Amino acid sequence: MIRKNFDVIVIGGGHAGVEATFALAKMNLKVALITIYKDKIGAMPCNPSIGGPAKGIITKEIDALGGVQGYYADKAMIQVKMLNESKGPSVRAIRAQIDKEKYSEIIVKDLLQNENVTIFEDFATDLIVENDQIVGVELEKNKTISSNLVVMTTGTYMNSRILRGSDIEHTGPNGEKTGIGLSKALERLGFELIRLKTGTPPRIYSDSIDFSKVEEEVLDVNGYVFSPRSNVKIDKQIHCYLTYTNEKTHKIIQDNINKSAMYSQLIEGTGPRYCPSVEDKIMKFADKERHQIFFEPETSRQDIMYINGLSTSFPVEVQKQIVKTIPGLENARVKIWGYAIEYDAINPLQLKKSLESKKIKGLFLAGQINGTSGYEEAAAQGLIAGINAGLKFKGEDEIVIQRNHGYIGVLIDDLVTKGTQEPYRMLTSRAEYRLLLRNDNVDIRLAHYGLKAHLISQQDYQKILEKYKKIDEKIEELKTKFVSSKTDFAQKYKIENGISYFQALTRPDIEPSDLIKDFEFLNEMTIQIRLEGYIKKQNNAAAKMERLENLKIPEKIDYSQILNLANEAREKFNKIRPQTIGQASRISGINPADIQMLLFYLDLKKSKHEN
(Lines of atoms letter the chains of each structure in order from A and count residues from 1; the text may use other names and numbers.)
(Lines give C-alpha, C1' and ligand atoms only; values in the text may rest on other atoms or scores of the structure.)
Protein backbone atom coordinates (compact mmCIF):
# COMPACT_ATOMS: atom_id res chain seq x y z
CA MET A 1 0.00 0.00 0.00
CA ILE A 2 1.41 3.42 -0.95
CA ARG A 3 1.18 5.91 1.90
CA LYS A 4 0.95 9.67 1.63
CA ASN A 5 4.14 11.30 0.44
CA PHE A 6 6.24 12.92 3.16
CA ASP A 7 8.63 15.83 2.78
CA VAL A 8 11.39 13.80 4.48
CA ILE A 9 11.68 10.28 5.88
CA VAL A 10 13.97 9.55 8.85
CA ILE A 11 14.97 5.91 9.40
CA GLY A 12 15.88 5.25 13.03
CA GLY A 13 14.87 6.88 16.31
CA GLY A 14 18.23 7.03 18.09
CA HIS A 15 20.18 10.18 18.88
CA ALA A 16 20.85 11.06 15.23
CA GLY A 17 17.27 10.33 14.19
CA VAL A 18 15.83 12.41 17.04
CA GLU A 19 17.89 15.47 16.06
CA ALA A 20 17.04 15.11 12.36
CA THR A 21 13.32 14.72 13.11
CA PHE A 22 13.04 17.68 15.48
CA ALA A 23 15.06 19.92 13.12
CA LEU A 24 12.92 19.04 10.10
CA ALA A 25 9.70 19.51 12.07
CA LYS A 26 10.92 22.90 13.28
CA MET A 27 11.60 23.80 9.63
CA ASN A 28 7.85 23.14 9.16
CA LEU A 29 8.29 20.01 7.04
CA LYS A 30 6.19 16.85 7.23
CA VAL A 31 8.42 14.10 8.62
CA ALA A 32 7.93 10.34 8.78
CA LEU A 33 10.02 8.78 11.56
CA ILE A 34 10.47 5.02 11.19
CA THR A 35 11.48 3.31 14.43
CA ILE A 36 11.37 -0.31 15.59
CA TYR A 37 10.09 0.53 19.08
CA LYS A 38 8.16 3.76 19.64
CA ASP A 39 8.80 3.72 23.40
CA LYS A 40 12.58 3.45 22.86
CA ILE A 41 13.04 6.57 20.74
CA GLY A 42 16.05 8.46 22.13
CA ALA A 43 17.12 5.39 24.13
CA MET A 44 20.60 5.16 25.65
CA PRO A 45 21.60 1.54 24.98
CA CYS A 46 25.08 1.97 26.44
CA ASN A 47 26.33 4.44 29.07
CA PRO A 48 23.83 6.65 30.95
CA SER A 49 25.75 9.88 30.37
CA ILE A 50 26.13 12.71 27.89
CA GLY A 51 29.18 14.91 27.45
CA GLY A 52 32.81 14.54 28.44
CA PRO A 53 36.03 15.83 26.83
CA ALA A 54 35.18 17.40 23.43
CA LYS A 55 31.81 15.58 23.49
CA GLY A 56 30.33 18.02 26.01
CA ILE A 57 31.27 20.90 23.72
CA ILE A 58 29.59 19.08 20.80
CA THR A 59 26.36 18.88 22.83
CA LYS A 60 26.56 22.63 23.52
CA GLU A 61 27.21 23.21 19.80
CA ILE A 62 24.09 21.19 18.96
CA ASP A 63 22.12 23.47 21.28
CA ALA A 64 23.65 26.61 19.74
CA LEU A 65 22.47 25.42 16.32
CA GLY A 66 18.93 24.90 17.58
CA GLY A 67 19.18 21.16 18.26
CA VAL A 68 17.72 19.31 21.24
CA GLN A 69 20.23 16.92 22.85
CA GLY A 70 21.48 19.42 25.44
CA TYR A 71 17.96 20.56 26.28
CA TYR A 72 16.70 17.03 26.99
CA ALA A 73 19.93 16.07 28.77
CA ASP A 74 19.39 18.99 31.17
CA LYS A 75 15.78 17.93 31.78
CA ALA A 76 16.86 14.36 32.65
CA MET A 77 20.23 14.94 34.35
CA ILE A 78 20.84 13.50 37.81
CA GLN A 79 24.44 14.69 38.18
CA VAL A 80 26.64 17.19 36.33
CA LYS A 81 30.27 18.27 36.50
CA MET A 82 32.80 20.34 34.57
CA LEU A 83 35.78 18.24 33.49
CA ASN A 84 39.31 19.69 33.25
CA GLU A 85 38.27 22.78 35.20
CA SER A 86 41.84 23.35 36.41
CA LYS A 87 43.08 23.35 32.80
CA GLY A 88 42.64 25.86 29.99
CA PRO A 89 39.18 26.92 28.71
CA SER A 90 39.60 25.02 25.43
CA VAL A 91 39.59 21.58 27.11
CA ARG A 92 36.90 22.17 29.72
CA ALA A 93 33.72 20.21 29.05
CA ILE A 94 30.48 19.32 30.81
CA ARG A 95 29.62 15.69 31.57
CA ALA A 96 26.21 14.75 32.95
CA GLN A 97 24.75 11.53 34.32
CA ILE A 98 21.32 11.07 32.78
CA ASP A 99 18.17 9.31 33.92
CA LYS A 100 18.00 7.27 30.71
CA GLU A 101 14.32 6.37 31.14
CA LYS A 102 13.24 9.97 31.70
CA TYR A 103 15.39 11.17 28.77
CA SER A 104 13.62 8.84 26.35
CA GLU A 105 10.16 9.44 27.85
CA ILE A 106 10.21 13.23 27.45
CA ILE A 107 11.54 12.98 23.89
CA VAL A 108 8.79 10.50 22.93
CA LYS A 109 6.14 12.69 24.56
CA ASP A 110 7.25 15.80 22.61
CA LEU A 111 7.49 13.92 19.30
CA LEU A 112 4.00 12.46 19.72
CA GLN A 113 2.63 15.97 20.29
CA ASN A 114 4.42 17.42 17.25
CA GLU A 115 1.92 17.87 14.41
CA ASN A 116 4.67 17.74 11.77
CA VAL A 117 5.85 14.27 12.84
CA THR A 118 4.26 10.91 11.98
CA ILE A 119 5.83 7.94 13.76
CA PHE A 120 5.80 4.52 12.10
CA GLU A 121 6.54 1.69 14.52
CA ASP A 122 7.94 -0.52 11.79
CA PHE A 123 11.16 -1.90 10.31
CA ALA A 124 12.73 -0.47 7.14
CA THR A 125 13.75 -3.27 4.78
CA ASP A 126 14.70 -1.57 1.51
CA LEU A 127 15.44 1.75 -0.18
CA ILE A 128 13.51 2.62 -3.35
CA VAL A 129 15.69 4.41 -5.90
CA GLU A 130 14.93 5.57 -9.44
CA ASN A 131 17.62 7.03 -11.71
CA ASP A 132 20.01 7.52 -8.78
CA GLN A 133 17.34 9.45 -6.83
CA ILE A 134 15.82 8.17 -3.58
CA VAL A 135 12.03 8.02 -3.89
CA GLY A 136 10.94 6.03 -0.85
CA VAL A 137 11.42 3.34 1.77
CA GLU A 138 9.93 -0.14 2.01
CA LEU A 139 8.69 -1.26 5.41
CA GLU A 140 8.28 -4.74 6.82
CA LYS A 141 4.53 -4.40 7.34
CA ASN A 142 3.95 -4.25 3.57
CA LYS A 143 3.95 -0.50 3.30
CA THR A 144 5.91 1.86 1.12
CA ILE A 145 6.47 5.43 2.26
CA SER A 146 7.45 7.84 -0.48
CA SER A 147 9.73 10.87 -0.37
CA ASN A 148 12.60 12.31 -2.39
CA LEU A 149 14.55 12.92 0.82
CA VAL A 150 15.60 10.21 3.29
CA VAL A 151 17.87 10.49 6.34
CA MET A 152 19.30 7.11 7.41
CA THR A 153 20.21 6.92 11.10
CA THR A 154 20.22 3.17 11.70
CA GLY A 155 22.83 3.10 14.48
CA THR A 156 24.08 -0.39 15.30
CA TYR A 157 20.96 -2.17 13.98
CA MET A 158 22.15 -3.04 10.45
CA ASN A 159 23.07 -6.73 10.18
CA SER A 160 24.13 -6.74 13.82
CA ARG A 161 25.00 -9.58 16.15
CA ILE A 162 25.76 -9.77 19.86
CA LEU A 163 28.70 -11.85 21.09
CA ARG A 164 29.46 -13.24 24.54
CA GLY A 165 32.35 -15.62 23.92
CA SER A 166 31.19 -18.22 21.39
CA ASP A 167 27.54 -17.48 22.19
CA ILE A 168 26.32 -15.44 19.21
CA GLU A 169 22.86 -13.89 18.81
CA HIS A 170 21.78 -12.18 15.59
CA THR A 171 20.11 -9.25 17.31
CA GLY A 172 20.52 -5.53 17.86
CA PRO A 173 21.50 -3.92 21.21
CA ASN A 174 20.04 -5.64 24.29
CA GLY A 175 18.54 -8.42 22.18
CA GLU A 176 16.43 -6.08 20.04
CA LYS A 177 15.56 -6.59 16.38
CA THR A 178 18.12 -6.40 13.57
CA GLY A 179 17.90 -6.88 9.82
CA ILE A 180 20.01 -7.26 6.70
CA GLY A 181 17.65 -5.57 4.23
CA LEU A 182 19.18 -2.09 4.37
CA SER A 183 22.73 -3.49 4.22
CA LYS A 184 21.79 -5.35 1.04
CA ALA A 185 20.10 -2.25 -0.36
CA LEU A 186 23.21 -0.13 0.19
CA GLU A 187 25.46 -2.77 -1.38
CA ARG A 188 23.12 -3.04 -4.36
CA LEU A 189 23.37 0.73 -4.80
CA GLY A 190 27.18 0.55 -4.88
CA PHE A 191 28.05 1.56 -1.32
CA GLU A 192 31.18 0.16 0.32
CA LEU A 193 30.23 -1.29 3.71
CA ILE A 194 32.59 -1.70 6.64
CA ARG A 195 32.20 -3.90 9.71
CA LEU A 196 32.55 -2.27 13.12
CA LYS A 197 32.30 -3.40 16.72
CA THR A 198 31.56 -1.83 20.05
CA GLY A 199 30.79 -3.24 23.47
CA THR A 200 29.00 -2.69 26.74
CA PRO A 201 29.52 -3.79 30.38
CA PRO A 202 27.26 -5.63 32.83
CA ARG A 203 24.40 -3.85 34.64
CA ILE A 204 24.16 -4.66 38.34
CA TYR A 205 21.26 -4.44 40.80
CA SER A 206 22.26 -1.73 43.30
CA ASP A 207 20.86 -3.56 46.33
CA SER A 208 23.45 -6.29 45.75
CA ILE A 209 26.43 -3.88 45.86
CA ASP A 210 28.50 -3.28 49.00
CA PHE A 211 29.06 0.48 48.72
CA SER A 212 31.27 0.51 51.84
CA LYS A 213 34.06 -0.96 49.71
CA VAL A 214 34.07 1.73 47.01
CA GLU A 215 34.87 5.46 46.86
CA GLU A 216 31.99 7.93 46.64
CA GLU A 217 32.80 10.57 44.02
CA VAL A 218 32.75 14.21 45.11
CA LEU A 219 29.83 16.14 43.61
CA ASP A 220 30.28 19.40 41.69
CA VAL A 221 27.83 21.92 43.15
CA ASN A 222 28.11 24.59 40.43
CA GLY A 223 25.00 23.46 38.54
CA TYR A 224 26.16 23.54 34.93
CA VAL A 225 23.75 23.07 32.01
CA PHE A 226 24.15 22.24 28.33
CA SER A 227 21.27 24.46 27.22
CA PRO A 228 20.35 27.92 28.54
CA ARG A 229 16.82 27.20 27.22
CA SER A 230 16.21 24.39 29.71
CA ASN A 231 15.97 26.57 32.86
CA VAL A 232 17.07 23.56 34.91
CA LYS A 233 18.63 23.50 38.35
CA ILE A 234 19.15 20.12 40.01
CA ASP A 235 18.03 20.20 43.64
CA LYS A 236 19.83 17.03 44.62
CA GLN A 237 22.54 15.28 42.63
CA ILE A 238 23.15 11.54 42.73
CA HIS A 239 26.58 10.02 43.39
CA CYS A 240 28.73 7.81 41.19
CA TYR A 241 31.29 5.48 42.75
CA LEU A 242 34.88 4.56 41.96
CA THR A 243 36.71 1.28 42.42
CA TYR A 244 39.44 -0.66 40.61
CA THR A 245 40.34 -3.96 39.00
CA ASN A 246 43.00 -5.96 40.82
CA GLU A 247 45.41 -8.88 40.53
CA LYS A 248 42.57 -11.44 40.77
CA THR A 249 40.63 -9.70 37.98
CA HIS A 250 43.69 -9.64 35.73
CA LYS A 251 44.52 -13.32 36.34
CA ILE A 252 41.01 -14.49 35.42
CA ILE A 253 41.11 -12.42 32.23
CA GLN A 254 44.59 -13.65 31.26
CA ASP A 255 43.73 -17.30 32.01
CA ASN A 256 40.53 -17.14 29.93
CA ILE A 257 41.57 -14.76 27.17
CA ASN A 258 40.93 -17.29 24.40
CA LYS A 259 37.27 -17.44 25.45
CA SER A 260 36.79 -13.73 24.68
CA ALA A 261 34.92 -13.28 21.39
CA MET A 262 37.45 -10.64 20.40
CA TYR A 263 40.54 -12.71 21.17
CA SER A 264 39.12 -15.95 19.73
CA GLN A 265 38.78 -14.19 16.35
CA LEU A 266 35.00 -14.53 16.26
CA ILE A 267 34.68 -10.77 15.83
CA GLU A 268 35.28 -9.43 12.33
CA GLY A 269 34.63 -5.75 13.06
CA THR A 270 37.11 -3.18 14.33
CA GLY A 271 36.49 -1.88 17.84
CA PRO A 272 36.84 1.64 19.27
CA ARG A 273 40.44 2.58 20.06
CA TYR A 274 39.49 5.01 22.84
CA CYS A 275 36.91 2.85 24.60
CA PRO A 276 38.61 -0.56 24.92
CA SER A 277 37.12 -3.65 26.54
CA VAL A 278 38.44 -4.70 29.94
CA GLU A 279 40.27 -7.66 28.36
CA ASP A 280 41.93 -5.29 25.89
CA LYS A 281 43.11 -3.04 28.72
CA ILE A 282 44.57 -5.95 30.70
CA MET A 283 46.33 -7.53 27.71
CA LYS A 284 47.65 -4.32 26.14
CA PHE A 285 48.65 -2.61 29.40
CA ALA A 286 50.03 -5.58 31.32
CA ASP A 287 52.30 -3.31 33.37
CA LYS A 288 49.32 -1.56 35.00
CA GLU A 289 48.39 -2.95 38.40
CA ARG A 290 44.81 -1.72 38.25
CA HIS A 291 42.23 0.04 36.05
CA GLN A 292 39.40 2.34 37.10
CA ILE A 293 35.84 1.03 37.35
CA PHE A 294 32.92 3.44 37.87
CA PHE A 295 29.45 2.56 39.17
CA GLU A 296 27.00 4.90 37.41
CA PRO A 297 23.26 5.00 38.23
CA GLU A 298 21.05 4.48 35.16
CA THR A 299 18.03 6.31 36.59
CA SER A 300 17.07 8.56 39.51
CA ARG A 301 15.73 5.43 41.26
CA GLN A 302 19.36 4.22 41.47
CA ASP A 303 18.22 0.59 41.32
CA ILE A 304 20.58 -0.38 38.48
CA MET A 305 24.28 0.51 38.14
CA TYR A 306 26.13 0.69 34.84
CA ILE A 307 29.64 -0.71 35.47
CA ASN A 308 31.73 1.69 33.40
CA GLY A 309 35.16 0.25 32.55
CA LEU A 310 34.06 -3.39 32.47
CA SER A 311 32.92 -3.63 28.83
CA THR A 312 33.61 -7.18 27.66
CA SER A 313 32.93 -9.94 25.13
CA PHE A 314 33.64 -12.82 27.54
CA PRO A 315 31.06 -15.60 27.96
CA VAL A 316 28.74 -15.29 30.95
CA GLU A 317 30.58 -17.92 33.04
CA VAL A 318 33.83 -15.91 32.81
CA GLN A 319 32.02 -12.60 33.42
CA LYS A 320 30.63 -14.08 36.65
CA GLN A 321 34.17 -14.72 37.89
CA ILE A 322 35.41 -11.27 36.82
CA VAL A 323 32.53 -9.40 38.48
CA LYS A 324 33.11 -11.13 41.84
CA THR A 325 36.74 -9.87 41.95
CA ILE A 326 35.67 -6.21 41.80
CA PRO A 327 35.46 -4.62 45.29
CA GLY A 328 31.80 -4.09 46.18
CA LEU A 329 30.54 -6.64 43.63
CA GLU A 330 31.39 -9.85 45.50
CA ASN A 331 27.69 -10.71 45.86
CA ALA A 332 26.40 -8.82 42.85
CA ARG A 333 23.23 -9.79 41.03
CA VAL A 334 23.43 -9.01 37.32
CA LYS A 335 20.52 -7.67 35.26
CA ILE A 336 22.30 -7.67 31.88
CA TRP A 337 25.65 -9.25 31.10
CA GLY A 338 28.23 -7.39 29.03
CA TYR A 339 28.56 -8.11 25.32
CA ALA A 340 30.25 -7.04 22.11
CA ILE A 341 28.08 -5.97 19.18
CA GLU A 342 29.08 -6.04 15.52
CA TYR A 343 27.23 -4.12 12.84
CA ASP A 344 27.43 -2.75 9.31
CA ALA A 345 28.38 0.84 8.55
CA ILE A 346 29.37 2.67 5.38
CA ASN A 347 32.73 4.08 4.41
CA PRO A 348 32.01 7.79 5.04
CA LEU A 349 34.23 8.84 2.13
CA GLN A 350 31.07 8.22 0.08
CA LEU A 351 29.41 11.31 1.60
CA LYS A 352 29.45 15.01 0.80
CA LYS A 353 30.10 17.52 3.58
CA SER A 354 26.33 18.01 3.79
CA LEU A 355 26.13 14.28 4.71
CA GLU A 356 24.24 13.59 1.48
CA SER A 357 25.39 10.52 -0.39
CA LYS A 358 27.54 11.14 -3.46
CA LYS A 359 25.88 8.16 -5.16
CA ILE A 360 22.15 8.64 -4.50
CA LYS A 361 20.54 12.08 -4.65
CA GLY A 362 18.39 12.92 -1.62
CA LEU A 363 19.85 10.15 0.58
CA PHE A 364 21.51 11.50 3.73
CA LEU A 365 23.28 9.35 6.35
CA ALA A 366 24.09 10.21 9.97
CA GLY A 367 25.34 8.64 13.18
CA GLN A 368 26.98 5.28 13.76
CA ILE A 369 26.17 4.17 10.21
CA ASN A 370 28.91 6.66 9.21
CA GLY A 371 31.50 4.98 11.43
CA THR A 372 31.31 7.08 14.59
CA SER A 373 30.82 6.13 18.24
CA GLY A 374 28.94 8.05 20.91
CA TYR A 375 25.58 9.72 21.41
CA GLU A 376 27.05 13.20 20.91
CA GLU A 377 28.74 12.47 17.58
CA ALA A 378 25.54 10.78 16.36
CA ALA A 379 23.29 13.66 17.41
CA ALA A 380 25.58 16.21 15.75
CA GLN A 381 25.45 14.37 12.42
CA GLY A 382 21.70 13.82 12.69
CA LEU A 383 21.18 17.55 13.17
CA ILE A 384 23.35 18.51 10.17
CA ALA A 385 21.84 15.81 7.94
CA GLY A 386 18.33 16.87 8.96
CA ILE A 387 19.07 20.55 8.38
CA ASN A 388 20.57 19.92 4.96
CA ALA A 389 17.75 17.60 3.89
CA GLY A 390 15.33 20.37 4.90
CA LEU A 391 17.28 23.07 3.08
CA LYS A 392 17.39 20.85 -0.02
CA PHE A 393 13.60 20.50 0.14
CA LYS A 394 13.29 24.29 0.32
CA GLY A 395 15.74 24.78 -2.56
CA GLU A 396 18.23 26.60 -0.33
CA ASP A 397 22.00 26.20 -0.03
CA GLU A 398 23.33 23.55 2.37
CA ILE A 399 25.24 24.47 5.52
CA VAL A 400 28.79 23.22 6.05
CA ILE A 401 30.34 24.04 9.42
CA GLN A 402 34.01 24.92 9.01
CA ARG A 403 36.70 23.35 11.20
CA ASN A 404 37.39 26.66 12.95
CA HIS A 405 33.70 27.12 13.81
CA GLY A 406 32.90 23.87 15.59
CA TYR A 407 33.87 20.38 16.69
CA ILE A 408 30.90 19.34 14.54
CA GLY A 409 32.79 20.74 11.55
CA VAL A 410 35.94 18.83 12.53
CA LEU A 411 33.92 15.61 12.97
CA ILE A 412 32.21 15.73 9.59
CA ASP A 413 35.28 16.96 7.71
CA ASP A 414 37.40 14.14 9.18
CA LEU A 415 34.78 11.54 8.20
CA VAL A 416 34.25 12.67 4.61
CA THR A 417 37.90 13.55 3.95
CA LYS A 418 39.90 10.88 5.79
CA GLY A 419 37.29 8.17 6.34
CA THR A 420 37.58 5.76 9.26
CA GLN A 421 38.24 2.07 9.77
CA GLU A 422 37.28 2.07 13.46
CA PRO A 423 34.50 3.75 15.46
CA TYR A 424 35.45 7.45 15.37
CA ARG A 425 35.37 9.30 18.66
CA MET A 426 35.78 13.07 18.93
CA LEU A 427 38.85 14.21 20.88
CA THR A 428 40.08 17.74 21.56
CA SER A 429 43.38 16.77 19.90
CA ARG A 430 41.60 16.30 16.55
CA ALA A 431 40.82 20.05 16.38
CA GLU A 432 43.69 22.24 15.20
CA TYR A 433 41.77 25.38 16.23
CA ARG A 434 40.60 24.15 19.63
CA LEU A 435 41.32 27.49 21.34
CA LEU A 436 38.54 28.88 19.16
CA LEU A 437 36.16 25.99 19.95
CA ARG A 438 35.31 26.62 23.59
CA ASN A 439 32.22 26.21 25.78
CA ASP A 440 31.95 29.94 26.38
CA ASN A 441 31.64 31.04 22.72
CA VAL A 442 29.42 28.36 21.14
CA ASP A 443 26.62 30.87 20.57
CA ILE A 444 28.59 33.37 18.47
CA ARG A 445 30.41 30.58 16.62
CA LEU A 446 27.31 28.79 15.44
CA ALA A 447 24.15 30.88 15.77
CA HIS A 448 24.42 32.20 12.19
CA TYR A 449 24.28 28.61 10.92
CA GLY A 450 21.18 27.99 13.07
CA LEU A 451 19.60 31.16 11.70
CA LYS A 452 20.24 30.05 8.11
CA ALA A 453 18.72 26.65 8.97
CA HIS A 454 15.54 28.30 10.34
CA LEU A 455 16.19 26.82 13.81
CA ILE A 456 17.28 30.06 15.51
CA SER A 457 14.99 33.10 15.38
CA GLN A 458 16.18 36.50 14.18
CA GLN A 459 15.33 37.86 17.63
CA ASP A 460 17.52 35.30 19.42
CA TYR A 461 20.32 35.89 16.93
CA GLN A 462 20.19 39.64 17.59
CA LYS A 463 20.46 38.96 21.35
CA ILE A 464 23.68 37.03 20.75
CA LEU A 465 25.13 39.83 18.61
CA GLU A 466 24.14 42.32 21.32
CA LYS A 467 25.88 40.20 23.97
CA TYR A 468 29.20 40.25 22.11
CA LYS A 469 28.83 43.94 21.33
CA LYS A 470 28.56 44.56 25.09
CA ILE A 471 31.67 42.43 25.69
CA ASP A 472 33.67 44.35 23.06
CA GLU A 473 32.54 47.69 24.49
CA LYS A 474 33.42 46.58 28.03
CA ILE A 475 36.90 45.49 26.92
CA GLU A 476 37.54 48.90 25.36
CA GLU A 477 36.31 50.57 28.55
CA LEU A 478 38.68 48.45 30.69
CA LYS A 479 41.63 49.62 28.61
CA THR A 480 40.94 53.21 29.68
CA LYS A 481 40.32 52.55 33.40
CA PHE A 482 43.26 52.25 35.77
CA VAL A 483 43.65 50.54 39.14
CA SER A 484 44.45 52.74 42.11
CA SER A 485 47.17 51.33 44.35
CA LYS A 486 45.14 52.48 47.39
CA THR A 487 42.26 50.04 46.82
CA ASP A 488 41.86 46.76 48.71
CA PHE A 489 42.02 45.01 45.35
CA ALA A 490 45.47 46.50 44.59
CA GLN A 491 46.72 45.59 48.04
CA LYS A 492 45.46 42.01 47.74
CA TYR A 493 47.13 41.42 44.38
CA LYS A 494 50.16 43.71 44.96
CA ILE A 495 49.26 46.03 42.07
CA GLU A 496 50.98 49.39 41.67
CA ASN A 497 49.69 52.51 39.89
CA GLY A 498 49.70 52.59 36.09
CA ILE A 499 48.08 49.24 35.32
CA SER A 500 44.75 49.23 33.46
CA TYR A 501 41.80 47.05 34.37
CA PHE A 502 42.40 45.22 31.09
CA GLN A 503 46.04 44.51 31.99
CA ALA A 504 45.02 43.37 35.46
CA LEU A 505 42.57 40.85 34.01
CA THR A 506 45.32 39.27 31.89
CA ARG A 507 46.86 37.97 35.13
CA PRO A 508 45.64 34.38 35.75
CA ASP A 509 46.03 34.75 39.53
CA ILE A 510 43.41 37.51 39.70
CA GLU A 511 39.81 36.58 40.46
CA PRO A 512 37.83 38.64 37.88
CA SER A 513 34.88 39.26 40.23
CA ASP A 514 37.24 40.98 42.69
CA LEU A 515 37.83 43.67 40.06
CA ILE A 516 34.56 43.90 38.14
CA LYS A 517 31.14 43.77 39.72
CA ASP A 518 27.80 43.17 38.03
CA PHE A 519 28.86 42.39 34.46
CA GLU A 520 26.77 39.44 33.28
CA PHE A 521 29.30 38.24 30.70
CA LEU A 522 32.37 38.42 32.95
CA ASN A 523 33.48 34.82 32.33
CA GLU A 524 33.28 35.11 28.53
CA MET A 525 35.07 38.46 28.59
CA THR A 526 37.87 37.25 30.89
CA ILE A 527 38.60 34.23 28.70
CA GLN A 528 38.68 36.49 25.64
CA ILE A 529 41.15 38.86 27.34
CA ARG A 530 43.44 36.15 28.71
CA LEU A 531 43.62 34.22 25.45
CA GLU A 532 43.76 37.29 23.20
CA GLY A 533 47.21 36.61 21.68
CA TYR A 534 46.57 32.90 21.14
CA ILE A 535 43.12 33.55 19.67
CA LYS A 536 44.59 36.06 17.22
CA LYS A 537 47.18 33.51 16.04
CA GLN A 538 44.58 30.80 15.52
CA ASN A 539 42.22 33.22 13.76
CA ASN A 540 45.02 34.15 11.34
CA ALA A 541 45.74 30.47 10.62
CA ALA A 542 42.01 29.78 10.21
CA ALA A 543 41.67 32.69 7.76
CA LYS A 544 44.32 31.09 5.51
CA MET A 545 42.45 27.79 5.65
CA GLU A 546 39.14 29.50 4.85
CA ARG A 547 40.63 30.97 1.68
CA LEU A 548 41.35 27.42 0.51
CA GLU A 549 37.84 26.33 1.57
CA ASN A 550 36.39 29.05 -0.66
CA LEU A 551 38.14 27.60 -3.71
CA LYS A 552 35.54 25.13 -5.01
CA ILE A 553 36.40 22.10 -7.14
CA PRO A 554 33.92 21.32 -9.97
CA GLU A 555 31.86 18.21 -9.15
CA LYS A 556 32.58 16.55 -12.51
CA ILE A 557 36.31 17.31 -12.74
CA ASP A 558 38.31 14.71 -14.70
CA TYR A 559 41.50 14.11 -12.71
CA SER A 560 42.99 12.02 -15.53
CA GLN A 561 43.36 15.28 -17.47
CA ILE A 562 45.72 16.83 -14.90
CA LEU A 563 49.26 16.33 -16.16
CA ASN A 564 52.11 15.73 -13.68
CA LEU A 565 49.68 14.80 -10.91
CA ALA A 566 51.07 11.92 -8.82
CA ASN A 567 49.24 8.62 -9.31
CA GLU A 568 48.45 8.37 -5.58
CA ALA A 569 46.90 11.85 -5.63
CA ARG A 570 44.87 11.05 -8.76
CA GLU A 571 43.51 7.84 -7.17
CA LYS A 572 42.60 9.56 -3.90
CA PHE A 573 41.02 12.58 -5.57
CA ASN A 574 38.94 10.23 -7.73
CA LYS A 575 37.83 8.18 -4.73
CA ILE A 576 37.08 11.03 -2.31
CA ARG A 577 36.00 13.71 -4.84
CA PRO A 578 36.92 16.66 -2.55
CA GLN A 579 34.58 19.63 -2.81
CA THR A 580 37.17 22.34 -2.07
CA ILE A 581 40.93 22.88 -2.30
CA GLY A 582 41.00 23.02 1.51
CA GLN A 583 39.44 19.57 1.76
CA ALA A 584 41.77 18.21 -0.95
CA SER A 585 44.80 19.44 1.01
CA ARG A 586 43.73 17.46 4.12
CA ILE A 587 43.49 14.09 2.37
CA SER A 588 46.07 11.66 3.75
CA GLY A 589 49.07 11.30 1.39
CA ILE A 590 48.39 14.51 -0.56
CA ASN A 591 51.37 16.89 -0.65
CA PRO A 592 51.72 20.60 -1.60
CA ALA A 593 52.94 19.72 -5.11
CA ASP A 594 49.67 17.85 -5.79
CA ILE A 595 47.65 20.87 -4.66
CA GLN A 596 49.74 23.18 -6.85
CA MET A 597 49.06 20.96 -9.89
CA LEU A 598 45.34 20.94 -9.10
CA LEU A 599 45.25 24.73 -8.70
CA PHE A 600 47.19 25.22 -11.94
CA TYR A 601 44.72 22.99 -13.81
CA LEU A 602 41.68 24.82 -12.37
CA ASP A 603 43.18 28.22 -13.25
CA LEU A 604 43.86 26.99 -16.80
CA LYS A 605 40.27 25.74 -17.20
CA LYS A 606 38.94 29.02 -15.82
CA SER A 607 41.07 31.08 -18.26
CA LYS A 608 39.91 29.00 -21.24
CA HIS A 609 36.29 29.35 -20.15
CA GLU A 610 36.62 33.14 -19.80
CA ASN A 611 38.26 33.45 -23.23
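Glycine is no exception: its Cβ is also placed from the backbone N, Cα and C atoms.
Now, the feature entries from Swiss-Prot:
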| type | residues | note |
| --- | --- | --- |
| BINDING | GLY12, GLY13, GLY14, HIS15, ALA16, GLY17 | FAD binding site |
| BINDING | 271-285 | NAD(+) binding site |
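CYS275 (NAD(+) binding site) carries neither a helix nor a strand DSSP state and counts as coil. If you count neighbouring Cβ atoms within 10 Å for each of the binding-site residues GLY12, GLY271, the highest count belongs to GLY12. SER277 (NAD(+) binding site) has a Cβ environment of 28 other Cβ atoms inside 10 Å. Annotated FAD site GLY12, GLY13, GLY14, HIS15, ALA16, GLY17; additional same-chain residues within 8 Å of its Cβ mean position, judged by their own Cβ, are VAL10, VAL18, GLU19, ALA20, THR35, ILE41, GLY42, THR153, GLY155, GLY367, ALA378, GLY382. Listed binding-site residues: HIS15, ARG273, LYS281; maximum Cβ neighbour count within 10 Å falls on HIS15. Per-site Cβ counts within 10 Å over the binding-site residues GLY17, CYS275, GLU279, MET283 peak at GLY17. In sequence order, HIS291 constitute the residues six or more apart from PHE285 (NAD(+) binding site) in its chain with CB-CB distances below 8 Å.
Per Cα geometry, HIS15 is the residue among the binding-site residues GLY12, HIS15, GLY17 nearest to CYS275 (NAD(+) binding site). Around GLY14 (FAD binding site), a 10 Å sphere centred on its CB holds 27 further CB atoms from the protein chains shown.
Around ALA16 (FAD binding site), the same-chain residues six or more apart in sequence whose CB sits under 8 Å from its CB are THR153, GLY155, ALA366, GLY367, GLN368, ALA378, ALA379, GLN381, GLY382, ALA385, listed in sequence order. Note on proximity: of the binding-site residues GLY12, GLY13, GLY14, GLY17, the one nearest LYS281 (NAD(+) binding site) is GLY14, by Cα distance. Within 10 Å of the C-beta of GLY13 (FAD binding site) there are 29 other C-beta atoms, taking all protein chains into account. Between the CA atoms of SER277 (NAD(+) binding site) and GLY14 (FAD binding site) there is a gap of 23 Å.
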